[in-house]
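K.L.:
Below is a structure I'd like to ask you about.
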Amino acid sequence: MTTTTTTTTNTNTTNLDPLLPWVEKYRPILIKDIVGNEETVSRLESISKDGNLPNIIISGPPGTGKTSSILCLARALLGANYKEAVYELNASDDRTLDVVRDKIKSFAMKKVTLPAGRHKIIILDEVDSMTSGAQQALRRIMEIYSGTTRFAFACNQSTKIIEPIQSRCAVLRFTRLSDSQILTRLREVVQIEKVPYTDDGLAAIIFTAEGDMRQALNNLQATHSGFGLINAENVTKVCDQPHPLIIKQIIALCAKSDFKEAYPFLKKLWDDGYSSIDIISALFSITKSSNNIPEYQKLEFLKEIGFCNLRATTGVNTLVQLTGLLSKLCLVSIKMKN
């Protein structure tokens, strides 16, 4: 694989602290810079142009840009008043009833001079981790200060937010980012940071990130700090996950019903110290994205991997279980041939 060294620079980041974590250094500033979830982002663009912000809930998996999107929207709406008119709180750290009564209520009461049609914004991250009592108190504050303050919530599961709050908000949903979206962003970062990389190295980072941009940038920076060169071997060492090439080899051999050849690869991963969950998760991810297996066979593979994962999560996570999984996959392939 050819190693690429990039030399391009980006004027937007040249004045930033070089020691700043890349996940913060490359956090979007404008709504148009947000990666992925185009439909939801376009709705945020419309809100920023219209200027009338409702209370909103953005739900979705970690690392998909929920909080960054809210911050971009707040900047677009408030401009120079951003610092004094925005209050950001991570509800997973400060989620008690006292925090709602003291910090949030005091900011909601605070008088800030804003242009007509603009409101103060309270941003609560991971609000789904707040206690029910704190959420009830929050609902009351939303009612009392609705004329001056808007609330923007980010969460992983909107179902954990009480119904009275949900009914007062517009709910927007984010999904995991696609591999191509993450790859595009990674290429931009390695160009700016002048990081030497190989294509298989970026592919390994995408594989370990599983649609999480924050995880992808953290893994990229950690690999660069530890080894300099971004290649598959170095990424695997840093992320401590089963090597994708070994997993692909296991799946390919099982697709050929070749248990005898597949088992040594599995045994090597086990001897290297990887847990059953590590190996099963890697098998699932690689199988799901494989284009070398017929669709029906892929579905049967995923079903057997899912059953094995169920047993592993209930405590039956031995090498025997993984060996049994290989035999099941090989049996599926034999049935397909017949």
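Every residue number used here counts from 1 along the chain in the order it is shown.
Glycine residues also receive a Cβ, built from the backbone N, Cα and C atoms like all the rest.
Sharing the features that Swiss-Prot gives for it:
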- G60, P61, P62, G63, T64, G65, K66, T67: ATP binding site (BINDING)
K.L.:
Would you mind listing, in sequence order, the residues at least six apart from P62 (ATP binding site) in the same chain with a Cβ closer than 8 Å to its Cβ?
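P.N.:
In sequence order, N156, D212, R214, Q215 meet the Cβ cut-off.
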K.L.:
So around the ATP site, G60, P61, P62, G63, T64, G65, K66, T67 aside, which residues have their CB within 8 A of the centroid of those CB atoms?
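P.N.:
Output for this site, in sequence order: A154, N156, F174, D212, M213, R214.
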K.L.:
Counting across all protein chains shown, how many other Cβ atoms sit within 10 Å of the Cβ of T64 (ATP binding site)?
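P.N.:
Counting Cβ neighbours of T64 (ATP binding site) within 10 Å gives 27.
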K.L.:
Minimum Cβ neighbour count within 10 Å among the binding-site residues G60, P61, G63: which residue?
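P.N.:
Least crowded of the binding-site residues G60, P61, G63, by Cβ count within 10 Å, is P61.
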K.L.:
Determine, from DSSP, whether T64 (ATP binding site) sits in helix, strand or coil.
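P.N.:
Going by the DSSP assignment, T64 (ATP binding site) belongs to neither helix nor strand, so it counts as coil.
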K.L.:
Starting from the Cβ of K66 (ATP binding site), draw a 10 Å sphere and report how many other Cβ atoms land inside it.
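P.N.:
The answer is 26.
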K.L.:
In sequence order, what residues of the same chain, 6+ apart, have a Cβ less than 8 Å from the Cβ of G65 (ATP binding site)?
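P.N.:
Sequence-distant Cβ neighbours: P28, I34, V35, G36, N37, F174, L177, M213.
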K.L.:
Name, in the order they occur in the sequence, the residues of the same chain whose CB lies under 8 A from the CB of T67 (ATP binding site) and which sit 6 or more residues away.
P.N.:
I123, D125, A154
